[in-house]
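Shown next, in structure tokens, is the structure this report addresses.
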Amino acid sequence: MHVLPDSFDNLSSPCLPKKPWGDFPFTAFVAMLAALFTLAVDSLMLTFYNRNNKVDILTPSTAAVASHESPEQGGHWHCHGHEHAHGHAHGMMSDKPEDAEAGRMQLRRNRVVVQVLEMGIVVHSVVIGLGMGASQSVCTIRPLVAAICFHQLFEGMGLGGCILQAEYGVKMKAGLVFFFSTTMPFGVALGLALTKVYRDNSPTALIVVGLLNAASAGLLHYMALVELLAADFLGPKLQGSVRLQLVCLAAVLLGAGAMSLMAKWA
């Protein structure tokens, strides 16, 4: 609500030459390319994770052999592979290997989501911080401060939930939190350092900030709709309850309305 309009304003500014900036909607084009690029990165990263984290899947035939050869009483069998797994078989398996593999796939999926989402938030935070640090207008800075506080709060909540689902170690969690926490101050510091040479209405600044805003908008739209909302709404928990779907949809609309209201001042 505030990133895309800013990009449209930047790339359609009269300070830019009409050709090519006035003859083509570069904001929509770059946002579309960013969404498609995010899809490609998302898919390739997941493929990379799956190829480098292959595990042995216990088939029904091997499970029968393990159950037969197990010295445990009551037909207990234990399987040790790349990951430690326990099963209990009383003539048949209680934990299906395909379920365990699906769980591992979902974990790798969550980790890809975290990394791509972090990338989009980092780019967005640097751009906003740069604009606020380089601005000389109090009327511009005041609404940006309110918008940033509101924005970073809920972005942090969303990213934090994704990080917990990814089940990273302490070092990785600390690194992700560090980058999220420092990119905005870094952008502000960079803007302050460039105050004397940075001008909001200079062609170079308009093009760079406009393209970055468009790319960030496309990336974040893809992540919000495909990775976060669609994954939840099309998941088994919400699909099993119409009432829960309506409650969640109302919550989404409430959040979208709040961000739209913030866009009035941002």
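Cβ atoms are placed via backbone N, Cα and C, with glycine included.
Please treat TrEMBL annotations as automatic predictions, because they have not gone through curation.
Through the fold, the transmembrane segment (26-49) approaches residues 4, 7-8, 11-12, 20, 108-109, 111-113, 115-116, 120, 210-211, 213-219, 221-223, 226-227 of its own chain, all at least 6 residues removed from its boundaries and within a Cβ separation under 8 Å. The transmembrane segment annotation in TrEMBL covers 26-49 (among others).
The transmembrane segment feature in TrEMBL is assigned to 112-132 (among others).
Annotation source TrEMBL lists transmembrane segment at 176-194 (among others). Nonlocal intrachain contacts for the transmembrane segment (176-194), taken as residues 6+ away from its ends with a CB within less than 8 angstroms of a stretch CB, comprise 114, 118, 121-122, 125-135, 148, 152, 155-156, 159, 163, 168.
Annotation source TrEMBL lists transmembrane segment at 206-230 (among others). Sequence-distant contacts of the transmembrane segment (206-230) (same chain, at least 6 residues past either end, Cβ-Cβ under 8 Å): 3-4, 6-7, 9-11, 13, 15-16, 21, 26-35, 37-39, 42, 113, 116-117, 119-121, 123-124, 127, 130-131, 158, 162, 200, 252.
According to TrEMBL, the transmembrane segment annotation covers 242-263 (among others).
Residues of the same chain lying 6 or more positions beyond the ends of the transmembrane segment (112-132) and with a Cβ under 8 Å from any Cβ of it are 3, 38, 41-42, 45-46, 49, 140-141, 144-145, 148, 151-152, 155, 158-159, 162-163, 165-166, 168, 176, 179-180, 183-191, 194, 198, 200, 209, 212-213, 215-216, 219-220, 223, 227-228.
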